[in-house]
Amino acid sequence: MQFNSHYNTLSPKLYHHQQPLPLKGAKAGHFNIALAKQLNWSDEDIQAWVEICSGQKTFAEFEPLAMVYAGHQFGQWAGQLGDGRGLLIAQILDKNHQTIDLHLKGAGSTPYSRMGDGRAVLRSTIREYLAGHALNSLGVVSSNAVGFTSSDQGVQREKLERGAMMLRTSDCHIRLGHFEWINQYQGDLLTEFTQKCIEWHYPKCLEAEQPILAFATQVIQNTAVMIAKWQLVGFAHGVMNTDNLNITGSTLDFGPYGFMERFRPNWINNHSDHHGRYTYQQQPSIGHWNLWNWLNNLVPLCPAEFDKEQWKDALATCLEHYEPTFLEHYKMGLNQKMGLPSFHKDSFDCAMAFLRILQSEQLDYTQSFIRLQNKEYETIKDDCLDRRAFESFLSLYDSIRKHQDTAELDAEMQKANPHYILRNHMAQKAIELAEANDFSEVDRLFQLLSQPFKKQPDLEQPQDLGPLPSDVPEVMVSCSS
Ligand code: AMP
Ligand code: MG
């Protein structure tokens, strides 16, 4: 590994050094060897992956640390939070010379654990491990994981569950909530912290006339792009609190997330989200709310040449980039999924007509796009109660495509429509087997989700291709992890 440590150069008020508490009786769960190689792990590191992913082996080059941050949870100020069960154990360079954080999750309690036990259970570890892998393979920027270990040692949640530890990777663990903590509790660190965030993550912004405004705009645009991609693959994060969004706009902190199956934009995947704050359809506006809230923390950084009101206006102007960026990426991606030309004036309306059919007929989001791609129009129509609505959509669809280079549009569709997403029941089956010490289903899903855009008849199983029948109860997922 090639170390490129920088977080530990910040004020020690921002973290607490401590060693992980190793997972007792740790056994191999799953290892992402391709990622380890991408991260320049030596053969020796690869050999020792179980020790590294269970907190038994740390590195002399970096003293592990828990970060402090704060956050708004479900729209309410939650005060100080922080890494309550995770430790940054290294910052290393990958093969592209990008700095990647290694963060061990489930590594024991820290001064920021509040009421928590510092542990992670096998169930949520497998969900996070497979989701990060699935999103990365789908082209959605996300944290990932090198591997996880599990243990027979019990961890108490609603019931006693098996414990686990996972080595998460991300280009950044600096959350919007880091700024909230500093602004609230240690304002004297704000200038230097912001400067370092720009140097480490947005160095080009240093060349701008107003680096802070350039930085804010970039954070806003990256977040808008990330959420547009979530919407396109049908991903609902489930807990879009400000402590779970980072400043690079890569997906972080999976708990009660879900990939939508039947197209229900107001579907609540997270059963702890009683008011439906974080439904799929709310995600774009919640992203805006989180960023607006975050920008308030940059108000004290007013440069000498601005008066306070001008500075607030300038920050507010940065947020005006959010909606057009989101819409540009969402519309472009949706047209690509539909096989429609972006320049045609009716393409977006046509895509919306298709989504309305999926919604009213409760059709599977992922499979319906694959059927459209395969031109299985009769199959879709057969699933519709309102066949007229489908026929009218199809005539508009055909009329737009008639004078286009459809071979090119079809090729674009194949890059945008996955055959496989991580359905909750798929993850659940892998978890149930893993809890009985059988990790073969985790491995099968890992392989299947490595190439979601490629049909893999030898690896797929019928339950990978659609939702469970509507009379089978849904897998319940909650914040418990
Ligand atoms: P999350 O909902 O996973 O984003 O976590 C919110 C906050 O609770 C973060 O500060 C976590 O570190 C902390 N937390 C969650 N679970 C635990 C746990 N089992 N032990 C200690 N802290 C936890
Ligand atoms: Mg979190």
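Keep in mind that glycine also has a Cβ here, set from the backbone N, Cα and C atoms.
Caution: TrEMBL annotation is automatic and unverified by curators.
Less than 8 angstroms from the CB of Asp243 (active site, proton acceptor) sit Tyr69, Ala70, Gly71, His72, Gln73, Ala78, Leu81, Arg175, Leu176, Gly177, Asp253, each of them six or more residues away in the same chain. What TrEMBL lists as active site, proton acceptor is Asp243.
Within 10 Å of the Cβ of Arg85 (ATP binding site) there are 22 other Cβ atoms, across all protein chains. Annotated ATP binding site per TrEMBL: Gly82, Gly84, Arg85, Lys105, Asp117, Gly118, Arg168, Arg175, Asp253, in sequence order.
Within the same chain, residues at least six positions away from Asn244 (Mg(2+) binding site) with a Cβ under 8 Å of its Cβ are Gly71, Arg175, His237, Leu252, Asp253. Residues or ranges marked as Mg(2+) binding site in TrEMBL: Asn244, Asp253.
Same-chain residues lying 6 or more positions outside the region 'Disordered' (456-481) and placing a CB less than 8 Å from one of its CB atoms are 120-121, 123-124, 127, 157-158, 238-239, 255-258, 261-262, 269-272, 362, 364, 367, 419-420, 423-429, 444, 447-448. Marked as region 'Disordered' by TrEMBL: 456-481.
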Going along the chain, which residues six or more apart from Gly82 (ATP binding site) have their CB under 8 A from its CB?
Ala66, Met67, Val68, Tyr69, Thr110, Pro111, Tyr112, Trp181
Using only the Cα atoms of Gly82, Gly84, Arg85, Lys105, Asp117, Gly118, Arg168, Arg175, Asp253, which the record gives as binding ATP, return the largest interatomic distance in Å, rounded to a whole number.
22
What residue among the binding-site residues Asp117, Asp253 has the most other CB atoms lying within 10 A of its CB?
Asp253
Cβ under 6 Å from ligand 2: which of the binding-site residues Gly82, Arg85, Asp117, Arg168 qualify?
none
Listed in sequence order, the binding-site residues from Asp117, Arg168, Asp253 whose CB sits under 6 Å from ligand 1 are Asp117, Asp253
Just counting, how many other CB atoms are there within 10 A of the CB of Arg168 (ATP binding site)?
25
